[in-house]
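The next block holds one structure in the form of structure tokens; read it before the comments.
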Amino acid sequence: MAAAAECDVVMAATGPELLDDEEAKREAESFKEQGNAYYAKKDYNEAYNYYTKAIDMCPKNASYYGNRAATLMMLGRFREALGDAQQSVRLDDSFVRFKNANAVIEYEKIAETDFEKRDFRKVVFCMDRALEFAPACHRFKILKAECLAMLGRYPEAQSVASDILRMDSTNADALYVRGLCLYYEDCIEKAVQFFVQALRMAPDHEKACIACRNAKALKAKKEDGNKAFKEGNYKLAYELYTEALGIDPNNIKTNAKLYCNRGTVNSKLRKLDDAIEDCTHAVKLDDTYIKAYLRRAQCYMDTEQYEEAVRDYEKVYQTEKTKEHKQLLKNAQLELKKSKRKDYYKILGVDKNASEDEIKKAYRKRALMHHPDRHSGASAEVQKEEEKKFKEVGEAFTILSDPKKKTRYDSGQDLDEEGMNMGDFDANNIFKAFFGGPGGFSFEASGPGNFFFQFG
């Protein structure tokens, strides 16, 4: 070490009289010791001041430059730290413990580039490496915390920002990060409070200004959309939610809610495919968003996509095992089971709430349409198809015209298990019974391809 290196003689502040070398050394050592004391207390600004005084008294002492370099690293002033480290090596080539200053500068450069590329994971990595050499650097901690927030790692980001605020409650960057975490967690009102506080500390803080503006705009648009929805103005609600979605694509949690809200609007407008698409966007942004799964599942039920509905209800029930969710799942499973049987309502062309008279009228129409005699002059293939449809119409009428059988069918019970084997019945007997028995009805041709119906 060059602790005993020759010291420059400096002018006394009170006059032209020169201090001798020994007195300069003693005063420089005193400043260094005071600097060490402040460094130990982590008061790096004061430590820097005293090391600078020591250097002024004895500018050829390598250890003073080394100490100041270490302090500058703690303050995050790495280019200055590198200059002091290089000077300490020039004065004493064995003084190499600050070679890491250059590495830290490189990490900072890489982090700045990756932040612009939105590669936030890499920025966190670089800042972790840099903080190994400069654990007290607030700038590195803030950059790391901001990237953690962008990655959705809010508790970690909050922890870093809170540590800084405990030491410096006026740190605008830390206040901004706290607000950013709350903003991305959809606690917009609280977020605005932190952004405003950050702007009080630093009125020109650009990021806090932009975030505050976005947060206020999002809150206003969402509330206006909710108001329009409650008033039944679904078209306006749709437009407002769409505008809100364009404000900040980075706010994943709020945007998930906006997509779900817009999906609800679309379901009210009976745009069920659009509603499903919006809910799908919502769960892609937040795969824990139960409300979006429930909304999408209901839309799947309404569009008779029962397998998809069962899948969503299963996801919901696995997450929240409530009686309500269990019943919704059972209902979807029942509809799925029913959908795999013949749909007798569809065969007759009637609604599930059709009256007895409506069912009879529908049978009359379909039975006449598909009766084999009407298609006796058609090709063998067409005759076979029409005969099949005629039989299905008879099956449908047999079940839906009987209250007991209809109830069992509607409840999803297997009709064969109930002793109603539909493979054994004769559709012609149903037809004859309905139209008054043998001789009561006939098809007669009045020309090629033309028929009229004659009742006895």
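Backbone N, Cα and C define each Cβ position, glycine as well.
Copied over from TrEMBL, here are the features:
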- 28-61: repeat 'TPR' (REPEAT)
- 172-205: repeat 'TPR' (REPEAT)
- 218-251: repeat 'TPR' (REPEAT)
- 290-323: repeat 'TPR' (REPEAT)
- 343-413: domain 'J' (DOMAIN)
Surrounding residues of the repeat 'TPR' (172-205) on its own chain - C-beta under 8 Å, 6+ positions past either end: 138-139, 142, 145-146, 149, 152, 154, 157-158, 160-162, 164-165, 211-212, 214-216, 218-219, 250-254, 257
Composition by DSSP (helix, strand, coil) of residues within the domain 'J' (343-413): 53 helix, 0 strand, 18 coil
Same-chain residue ranges lying at least 6 outside the repeat 'TPR' (290-323) that approach it to Cβ under 8 Å: 256, 259-260, 263-264, 267, 272-273, 275-276, 279-280, 282-283, 329, 331-333, 335-336, 339
DSSP-assigned states of the repeat 'TPR' (172-205) in counts, ordered helix, strand, coil: 27 helix, 0 strand, 7 coil
